[in-house]
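Feature list (source: TrEMBL):
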SIGNAL    1-24  signal peptide
DOMAIN    21-215  domain 'GH16'
ACT_SITE  101  active site, nucleophile
ACT_SITE  105  active site, proton donor
CARBOHYD  109  N-linked glycosylation site
């Protein structure tokens, strides 16, 4: 092999490595810590963000960008040990009195008892669409990926690639769907011991403070909203600014549908569509759709 050929074979993997490194997300570039008086920190050269909670205050952050549709991934490692009374919220939300919101909330528990993953969808200021789950792993032992796929047809909540919930666009049946309001990503760690654990019966044990949740490997394959316009060409199709536009029309294949049924059969612990006592005038219309 010529010396130039040898140099080229060395350069190619080096160039690829540089490209991969440059594409890594950095929390400094994507998020602002918005409250907590120093309790939120970006560490490891921007690769990890941590939120902490003590008796004086919790903490939180928000994305620099607003999004109108996208696939949002974040790895979280939740508060370990006795996390009773604490809530780690990770969600998309717009502003105003008729806001839209797509929620993950992790409700802490006593040591050895499982976290509850609480999900909700708000459209035009109306929520009351709670579904709650146990997880099939310990979410405090390692990082796991929590994803929101949001396109004009559906919202899919996933954990490590396994769908746990789907909220379809059923505007034709009079059900509002989040599709017109750009949303930021928010997350916070806060004390909610008046309701979070066993309806408020179990209080936060402040001797265990500070409580800490960690975040890494954020990715947003999404339409960024800026100055009244989307980075995507139109509401019909993403532009080349979105590196992988498959999410825009994505739906669950049969394998994903089977995984969704598995989760809902074995790990769902509350579904508003099964709570007839809560809706004496009748269940919400989306509950009657297949």
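Yeah, the Cβs are placed from backbone N, Cα and C, and that goes for glycine too.
Under 8 Å, Cβ to Cβ, and six or more positions away along its own chain, the residue listed as 'N-linked glycosylation site' finds 83, 84, 115, 116, 197, 202. A C-beta separation below 8 Å, combined with a sequence spacing of at least six in one chain, links the residue listed as 'active site, nucleophile' to 91, 92, 93, 94, 120, 121, 122, 127, 178, 183.
With a cut-off of 8 Å between CB atoms and residues at least 6 apart in sequence, the same chain places 87, 88, 89, 90, 91, 117, 118, 119, 120 near residue 105 (active site, proton donor), listed in sequence order.
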